Structure formats: C-alpha cells, structure tokens
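This report concerns only the one structure given below.
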Amino acid sequence: MNQDSIFGTIFQNYSLFFPNVIIFISAQVLFYSTQKSDLDPFAKSSVMLMAIIASIYEMWLATKIALLYTVSSLNNIKHKAPLGAANNDTGKHGALPGWYLPTLISLTLIFVVIGLLLCYKWLAKKEDTEMKRLTYIALAAIVAVYAGTTLLNTMKMYWGRMRPYEMNHHWSNFTAWYHINGENGHKSFPSGHAQEVWISIILPLFVSPKQAKKRRNLFIATAVFSFIVVLSRLRIGAHFLSDVTVGSFISIFVVYVMSRIVNEKLMGNNQLDD
C-alpha cells in the first residue's frame with residue numbers, strides 16, 4: 001500500500017468517466033433514432049432536446065469529478081500530504097482554486113463538441129435496421145449503468161467497511177467483506193472505481209455484430225484497462241481485494257444480464273441463440 005503512488009493516483013483521478021461516456025453515447029443514439037422516427041414534431045423535438053441536455057450533463061459530470069480529484073492531489077502536494085489521499089467517502093473538498101470553474105466549463109465544452117462530432121460521423125448515416133438495434137443497446141446500456149450504480153451505492157452505505165489506509169496499528173477495526181457494519185460513513189466495500197470501470201465492457205455492444213474483430217478488440221481493451229484500474233486501487237490502499245472483486249462482479253453481472261436481454265454476444269459476430 002502506498003498513498004504516494006503516482007500509478008494509483010493517476011487512475012484514481014482519471015478513470016471514472018466510463019458511465020458518463022456510456023450515457024453520452026446512448027443519448028446520442030436516442031437523438032438520431034428519434035430524428036429519423038415518425039413521431040410528431042413536439043414529441044420528436046422534446047426527446048432530442050433531452051438527449052442533448054443529458055449528453056452535456058454527463059460530460060460536465062465526468063469533467064467535474066476528474067478536476068475535483070486533481071484539486072485534491074494539488075492540495076496534497078501543497079500541504080505535503082500523501083499524493084493520493086482523497087476524501088473518497090465524504091465527498092467534501094476544500095476551497096476551489098480560481099481556475100477551477102473556467103477550466104470545468106472550457107473542458108466540458110471541448111469534450112461535448114468532440115463527442116457530438118464523433119457521434120455524428122458514426123450515427124448520421126446509419127441504416128434503419130442498425131439504428132433500431134443500437135436503440136435497444138442504448139436503452140440496455142442506460143439500465144446497466146444505473147442498475148450497477150444503484151446496487152453499488154446501496155451496498156456501500158450499509159456495509160460500512162473501513163478502507164486499508166484507515167486501519168489502526170493493530171488492525172482491530174478490520175472487518176471481513178461479508179460483515180455488514182451498518183451506515184457509519186465508511187464506504188470501502190464494494191469498490192466504486194472497480195464497478196464504474198468494469199461497466200465499460202458493455203461498449204462492444206455498440207459495435208455492429210458484423211464487425212466481430214473490432215467488437216472483440218474493444219472488449220479486450222476495456223477489460224485490460226479495467227484490470228489495471230483495479231490493481232491501482234489496491235496499490236494506493238483505497239480497497240481490499242474483496243472490495244474490488246465484488247465491485248467488478250457487480251458490473252460484469254449487470255452487463256451479462258443486459259447482453260442476454262438484447263440477445264447479443266460481447267465478443268461474437270452474431271446474436272446469441274434463443
């Protein structure tokens with residue numbers, strides 16, 4: 001365990017974007033599928049407006065989280081505290097520097113514009129059959145993100161497990177992963193970083209089943225990145241092995257269920273058999 005670990009700090013600060021990216025992509029799929037639909041003008045414009053608002057919000061939220069972690073690390077350097085020390089459970093932070101808000105707004109706008117342009121290039125000329133498939137995938141992905149997050153946060157709140165860096169000298173405050181301590185402000189179990197990064201393995205479903213190699217490569221890339229993040233949480237002392245294992249399992253299970261519902265393989269070139 002090393003709270004000064006640069007490896008652990010980098011992935012702690014900048015690996016929590018996948019749920020936001022998934023919702024952003026899903027919102028854009030719904031935007032373009034609605035645009036091509038036969039809905040009446042009011043309903044169509046309402047859905048498209050909501051999709052744009054959701055896309056902007058998700059990029060703002062992802063940027064905000066990364067910047068708050070960055071501010072925390074800079075404050076740690078300033079006060080000669082461990083680089084990776086963070087208020088993981090309270091969500092509290094000190095006074096924000098003057099550059100925070102302009103940077104948040106600027107980066108959010110940049111990410112939104114880049115995201116919209118990429119989605120336009122990807123979705124604008126999709127055939128109706130593929131757009132229909134993507135609409136089901138988008139809805140499944142949204143459910144996966146919120147189901148995983150809800151389950152995670154509920155368990156965190158009631159398990160009340162202390163983190164490795166909170167252990168006293170004799171580790172007398174250690175509790176096993178299966179021991180429910182009740183709501184006490186400690187939220188080590190399960191790992192939020194593990195759960196949020198492993199939800200990324202649903203992204204291959206957005207790739208056409210006809211592009212089997214691309215779908216497989218994306219699955220491998222997201223799985224490898226997720227595993228690296230899990231290792232970083234152990235290295236920095238934010239979690240026990242059981243924390244990251246269960247956090248990972250939550251997302252893997254949710255994605256598996258959703259892939260069965262939409263009847264597609266995460267790495268396959270055709271749909272699952274009925």
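In case you wondered, yes, glycine gets a Cβ from its N, Cα and C as well.
Summarising the annotation, TrEMBL assigns domain 'Phosphatidic acid phosphatase type 2/haloperoxidase' to 137-259. For 16-34, 46-69, 99-123, 135-159, 218-234, 240-258, the entry in TrEMBL reads transmembrane segment.
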Non-local residues, at least 6 beyond the ends, that sit with Cβ under 8 Å of the transmembrane segment (135-159): 19, 22-23, 25-27, 29-30, 33, 179-183, 187-190, 192, 195-196, 199, 202, 205-206, 246-247, 250-251, 254-255, 258-259, 261-262, 264
The domain 'Phosphatidic acid phosphatase type 2/haloperoxidase' (137-259): DSSP-derived helix, strand, coil residue counts: 84 helix, 0 strand, 39 coil
Cβ-Cβ under 8 Å with the transmembrane segment (46-69): same-chain residues at least 6 beyond its ends: 12-14, 16-17, 20-21, 23-24, 27-28, 30-31, 34-35, 39, 86, 93, 100, 103-104, 107-108, 111-112, 115-116
